[in-house]
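Per TrEMBL, the features are as follows:
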ACT_SITE  His162  active site
ACT_SITE  Glu275  active site
BINDING   Arg51, Gln72, Arg77  substrate binding site
Amino acid sequence: MSNVVTLTHEASGSVAQVNLFGATVTSFVAQGEEHLFLSPLAKLDGSKAIRGGIPLVFPIFGPSKGDSTMPQHGFARCNYWKHVETKSVGDLATVGVFELLYSRDVTAGCGENNPWHKETATQDGTDVKLTYEVRVEAAELTTTLTIENVGSSSFDFQALQHTYLQVQDSSVVQIQGLGGYAITDKVSGDSGHVQSYEEPVTIAGKEVDAVYVHPDDHPTLHATVAPTRVRVEAAGQVNDQVAPVSCVVWNPAAEKAAAMSDFANDGYKTMVCVEPGLLGHQALLKPGNKASLSQSLLIHHD
């Protein structure tokens, strides 16, 4: 059985492909153009997280802390998900639904010395069901990650959609819509600066790895990525309350690209990551409750 699920919007011909390893969307073609970047060296055999597309980050973002050995970005992207169904919404959309139940499906990427280590989670009553809905429309891809606490104890988490966008030349990319966001620059170590409303976020041939934390009055993300035709919108909820969405912007540049075995040396020239996420600035997820992170990639006409 193939590990790739193809979702086709018949009316328009728009197509998305989802690899069941990590439920990773690896391609979105709309209006005759590929909008997601997938490294030509990406491992698609389940041996490691897929480099490109839209990897799902949960329950941690970045490396683990303290003596925890959970791998970077958690276990959602490095386990096989179940394809529950594919359905049509009239002529409007084609939707694929995928599921990962921690206690049943997760076999890798837990690590030790953390609440998600199998033995610790069992003792503490920690369990989660992740549901991922991929909706393909003529000029839009909406991906919604739902996190349901099916255990008996509350837990903290981080969740992102690590979206790799395909671009022609990353050095001229300009990202608008992050004005007022507080910046943590992971390259320089600087923090506390606030992104200007007048100036776009740029790549300009340098390494970029920065977290943009939402302003208090701006819970949803609306970002345009010029000169592509993509607009990124995202929203979150936790315990039936609005959860503000932050954003990570990443491009490894030449030196970091050359150090990655699953990334071409010049791959940084044709990609930029714009990653909406819930970065831990939200309440604990209570037993029986849900959280969600929804992202839409909207393709506009030239």
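Including glycine, each Cβ sits where the backbone N, Cα and C put it.
A TrEMBL annotation is a machine prediction, not a hand-curated record.
When the Cα positions of Arg51, Gln72, Arg77 are compared pair by pair, the longest gap among these substrate-binding residues is 13 Å.
Rounded to the nearest whole angstrom, the C-alpha distance between Glu275 (active site) and Gln72 (substrate binding site) is 15.
The C-beta environment of Arg77 (substrate binding site), restricted to residues of the same chain at least 6 apart in sequence and closer than 8 Å, consists of Gly22, Thr24, Ala49, Ile50, Pro55, Leu56, Val57, Gly109, His162. Taking the centroid of the Cβ atoms of Arg51, Gln72, Arg77 as the substrate site, the other same-chain residues with Cβ within 8 Å of it are Lys48, Ala49, Ile50, Pro55, Val57, His73, Cys78, His162.
The secondary structure of Gln72 (substrate binding site), as reduced to three states from DSSP, is coil rather than helix or strand.
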